[in-house]
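Below is one structure, written out as structure tokens; comments come after it.
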Amino acid sequence: MEFLPISWRLQGKVALLAGGGEVALRKGRLLHRSGAILTVVAPQVCDELLDIVVRSGGSCVVRAFESADLDGVALVICATDDRSTNAEIAKQAQQRGLPVNVVDDPSLGDFIFPAIVDRSPVLISISSSGASPVLARKLRAQLESTLPARWGRLADLMARFRQPLKDKLSNIGARRLFWEQTLDSPVVEKVLAGKDSEAEAMLAAAIESADATTLSRGEVYLVGAGPGDPDLLTFRALRLLQKADVVLYDRLVGKGIVDLARRDAELVYVGKARDKHALPQDNINELLVHYAKQGKKVCRLKGGDPFIFGRGGEEIDLIVAEGIDFQVVPGITAASGCASYAGIPLTHRDHAQSVRFVTGHRKDGSVDLDWKHLVSETETVVFYMGLVGLREICSQLIAHGRGGDTPIALVSRGTTNLQEVITGRLDQLPDDIEGREIHAPTLIIVGSVVSLHPKFGWFKP
């Protein structure tokens, strides 16, 4: 981030606005709405800005800027039509340690104004970090059209009931879960429909019947994070990820996905490379139980789909044995996601009538598969975690009847901006990549459908 979004209480603070024209007027309106006291300095000041200054309880000085104008102010806005004047005012303000905004010239200042969607007390700020104010305004317009006007009333209602809920529930986790459930309840629709008294009665009744024991009960979410691209995360996965108190994630989950977790969530890295586990599987299982028994909502975030070579079944075994509530959220498995991004349809009427997923290595590191059932010319075979065993995979397929000229693809870091697709022949690919640096995770696709990659390959990172 180039700029840190913050919410700053300006009520009762003096803001110096250098400039008296249309640009200064726009900033003056915004500052007045925030409760700031305006001091305007400019050789000429438009009537509307002068009126805003009076209503804010501030003052207007009709002359050029002087250093003494900086005395006693909390922030400075430079909005004159002269860049050198703006630069000089900004320089003097910064020498005093005052935060400065230079309109339409962020390089000279310390902060910028975002586009704002105002549903007070709910505020949404949108910024392009000065790169494209037009883009920020467009995003704001889209949000304005979709966000109900009465969200602010809902926030006010929740604020009024915060203390009664604290009196009822001492556990902060239980209170957070109560509010999450409230936001999925008919209370919201009542407020949005203008039926405030009905909403208030429903909320009061819900607080009265709130059960700390039930709300404090731990739960485990086994969530498939998909093959890498955060855009492939499901809505349910995102919702539970942002609800979790603790997130256990492994190497196959990209940082862009982990960053979607709640800012105050505890993040626990558990590794899970092919043969180098930061934590053994048994320890991971025990951690899930440990956190859940503390009453926490635990998200076990796994690359791909939890039930397709994700060892999700092993993790659920202990959870079930301990009587802990759990949910399983499917994810787009690597075979589907990586093949799609590589432009390789796993089935095709003219090439393959079936597809088979197999693991490229076992617990002991071997590649011991039922090879005779993997050589059908009308079937696509996808190998997970097969990079280390690639040479053996190719030789065994050929030895059991698959043609040496069968197309094969190796997809590295699929669906991400670092995706690489290497195609070749079954009898040549191991030699083709000898000495090349191939990054995990990888996926191997064998079958004539691979020949469609040059034609269908649409993703160009």
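Just so you know, glycine gets a Cβ as well, placed from its N, Cα and C.
DSSP classifies ASP250 (active site, proton acceptor) as coil under the three-state reduction. Swiss-Prot lists ASP250 with the feature active site, proton acceptor.
Summarising the annotation, Swiss-Prot assigns active site, proton donor to LYS272 and lists sequence analysis as the type of evidence.
Residues or ranges marked as NAD(+) binding site by Swiss-Prot: GLU22, VAL23, PRO43, GLN44. For the recorded site, GLN44 (NAD(+) binding site), the DSSP three-state label reads coil. When Cβ atoms from all protein chains are considered, those within 10 Å of GLN44 (NAD(+) binding site) total 8, not counting its own.
Per Swiss-Prot, S-adenosyl-L-methionine binding site is recorded for PRO227, GLY303, GLY304, ASP305, ILE308, THR333, ALA334, MET385, GLY414. Residue environment of ILE308 (S-adenosyl-L-methionine binding site) contains 18 other Cβ atoms, counted within 10 Å of its Cβ in all protein chains.
According to DSSP, SER128 (phosphoserine) sits in a coil region rather than a helix or strand. According to Swiss-Prot, the feature phosphoserine maps to SER128, an assignment based on sequence analysis.
Annotation source Swiss-Prot lists region 'Precorrin-2 dehydrogenase /sirohydrochlorin ferrochelatase' at 1-203, citing sequence analysis.
As annotated by Swiss-Prot, region 'Uroporphyrinogen-III C-methyltransferase' applies to 218-461, with the evidence given as sequence analysis.
Rounded to a whole number, the C-alpha distance linking ASP250 (active site, proton acceptor) with GLN44 (NAD(+) binding site) is 62 angstrom. Annotation for the binding-site residues VAL23, ALA334: lowest Cβ count within 10 Å of the residue's own Cβ, VAL23.
Within 10 Å of the Cβ of GLU22 (NAD(+) binding site) there are 12 other Cβ atoms, across all protein chains. In this structure, of the binding-site residues PRO227, GLY414, the smallest number of CB atoms within 10 A of the CB marks GLY414. For the pair formed by GLN44 (NAD(+) binding site) and ILE308 (S-adenosyl-L-methionine binding site), distance between Cα atoms is given as 70 Å, rounded to the nearest Å.
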